[in-house]
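The block underneath contains the structure these notes are about, expressed in structure tokens.
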Amino acid sequence: MDVRYPIGKLEIPQSFNEQDVRNWIEEIKALPKRLREAVSGLDGEQLNTSYRECGWTVAQVVHHLADAHMNAFIRTKLIITEDLPTVKPFEENDWAETAEARSFPIEASLKLLEGLHERWGALLESLEPEQFQRKLYHPALKTTMDLYKCVAMYAWHGKHHVAHIKNLRAQKGW
Ligand code: NI
């Protein structure tokens with residue numbers, strides 16, 4: 001197994017049906033609880049352990065999920081409220097190095113994700129099927145992307161990082 005991709009690399013779907021969308025939304029809604037379970041009982045030293053060599057610590061992974069998914073929620077809102085909005089890329093590795101994103105107290109990000117994913121899930125559940133074909137423009141990738149592909153990507157993204165933490169715990173016997 002590649003420790004960077006414990007659940008495999010992201011495969012972006014090329015089509016979707018209503019059941020696919022429901023499944024992805026359920027994954028997004030489940031992430032805060034799954035993440036809280038994955039970090040349950042870890043002490044400061046464990047939270048400060050990299051999940052792989054030269055990789056982010058467990059705390060950085062938790063804060064990264066909050067950073068990335070705040071951006072994702074804003075992108076979702078932009079897609080719904082504007083025609084082909086240009087999204088703002090962010091330097092995720094630099095975001096993971098700021099002082100508060102390197103620190104152990106992860107409760108703020110766990111709470112943030114709980115509120116954020118409740119809003120995000122409710123937003124996605126309120127949409128009509130055709131709205132999942134609305135698009136954003138990503139200037140760094142120089143391409144457009146459908147909302148349903150973004151939703152599939154973030155469903156994968158949450159599970160991907162939870163698996164990093166669970167694998168570390170399994171490997172360390174924590
Ligand atoms: Ni990530």
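The backbone N, Cα and C atoms fix where each Cβ goes, and this holds for glycine too.
TrEMBL names His157, His161 as Zn(2+) ligands; from the candidate set His63, His64, the record adds His64 to that same site. According to DSSP, the domain 'DinB-like' (29-165) comprises 90 helix, 11 strand, 36 coil. Cβ neighbour count within 10 Å across all protein chains ranks His161 highest among the binding-site residues His64, His157, His161.
Excluding His64, His157, His161 themselves, the residues of that chain whose CB lies within 8 A of the CB mean position for the Zn(2+) site are, in sequence, Val61, Leu65, Ala68, His69, Gly158, His160.
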